[in-house]
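According to TrEMBL, the protein carries these features:
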type: ACT_SITE; residues: Asp16; note: active site
type: ACT_SITE; residues: Asn64; note: active site, proton acceptor
type: BINDING; residues: Asp16, Glu203; note: Mg(2+) binding site
type: BINDING; residues: 17-21, Arg29, His33, 61-63, Trp65, Arg67, Arg184, 190-192; note: substrate binding site
Amino acid sequence: MDVTRRVPEHVAIIMDGNGRWAKMRGYPRTMGHRKGVEAVREAVRVAGDLGISYLTLFAFSSENWTRPETEVNDLMGLLKAFIRRDLAELHRENVRIRIIGARDNMPGDVLPLLLEAEETTKDNSGLTLVIAFNYGSRDEIARAARKLAARVAAGELSVEAITPVAFARELDTFGIPDPDLIIRTSGEERLSNFLLWQAAYAELLFIPDFWPDFSRETFMAALESFARRERRFGGVDPVAAAVSR
Ligand code: IPE
Ligand code: IPE
Ligand code: MG
């Protein structure tokens, strides 16, 4: 099957297994995170090459703050280094960056970098790279509910106007289509608070590889598996599993 002719519009990835990748080799966990950044670069290249419109990467969850301080600091450092080092090239490659997740309670020097990445690339028309950082679905949904409640309390919005479409507009992902395919690496089969609302009809794919081993071939195999699936969206007849090109 030629998967390049049937690619999903939006792929989201739960990049998991950095720590175990390192442990298996007798390295500190941070080595796994470092290798993981290289896998990120490759995934972005493949998504761009194949004409995927949106690639969402789960980089740091709202629950990952509970990790040891040294690991959290390492992860913050890697994110900052990634943006500093790669932003210019991503911009040249016409990639548009969007950040989803809560924008409070993060180290003071991280937010300005994230905002700079969004601002610099906002008019680009190629791949949209969505970085889920300080992201948790329940937090996102609660923030959306608070915004709607405030508008109702202010008399700007009727209770009846709170529909799924109106709700989705208040989520961090507004304007981004729901993911067609969610891939999780490392063999874990759970969503871990990722895109719970948006995943309503996503195809889920759990693969055994640890994230640092995620390669072009792994990505292509995942897309092949997606292209073979039949999606029904609650109906009777299959709906095209992918955007045909
Ligand atoms: C994914 O790898 C990276 C982040 C969650 C930030 P992990 O660090 O969760 O690696 P494992 O799951 O412990 O192997
Ligand atoms: C999910 O992985 C978060 C990211 C990939 C950023 P975790 O490693 O945090 O998830 P759990 O704790 O195994 O569910
Ligand atoms: Mg993990």
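Placed from the backbone N, Cα and C atoms, the Cβ positions cover glycine too.
Cα-Cα distances to the residue listed as 'active site' place Arg184 within 10 Å, out of the recorded positions Ser62, Asn64, Trp65, Arg184, Leu191, Glu203. Listed binding-site residues: Gly17, Gly19; maximum Cβ neighbour count within 10 Å falls on Gly17. Distances between the Cα of Glu203 (Mg(2+) binding site) and those of the binding-site residues Trp21, His33, Arg184 are shortest for Arg184.
Its Cβ taken as reference, Glu203 (Mg(2+) binding site) is surrounded by 20 other Cβ atoms within 10 Å in the chains shown. Checking the recorded positions Trp21, His33, Asn64, Arg184, Glu203 against ligand 3, none has a C-beta less than 6 Å from an atom of that molecule. Other C-beta atoms found within 10 angstroms of the C-beta of Trp65 (substrate binding site) number 12, with every protein chain shown included. The Cβ neighbour count for Ser62 (substrate binding site), using a 10 Å radius over every protein chain in view, is 19. Residue pair Gly17 (substrate binding site) / Asn64 (active site, proton acceptor) shows a Cα separation of 14 Å. The 6 Å Cβ screen around ligand 2 retains Asp16 from the recorded positions Asp16, Trp21, Arg184, Glu203, ordered by sequence position.
Look at Ser62 (substrate binding site): DSSP puts it in coil. Across the structure, His33 (substrate binding site) and Asn64 (active site, proton acceptor) are spaced 13 Å apart at their Cα atoms.
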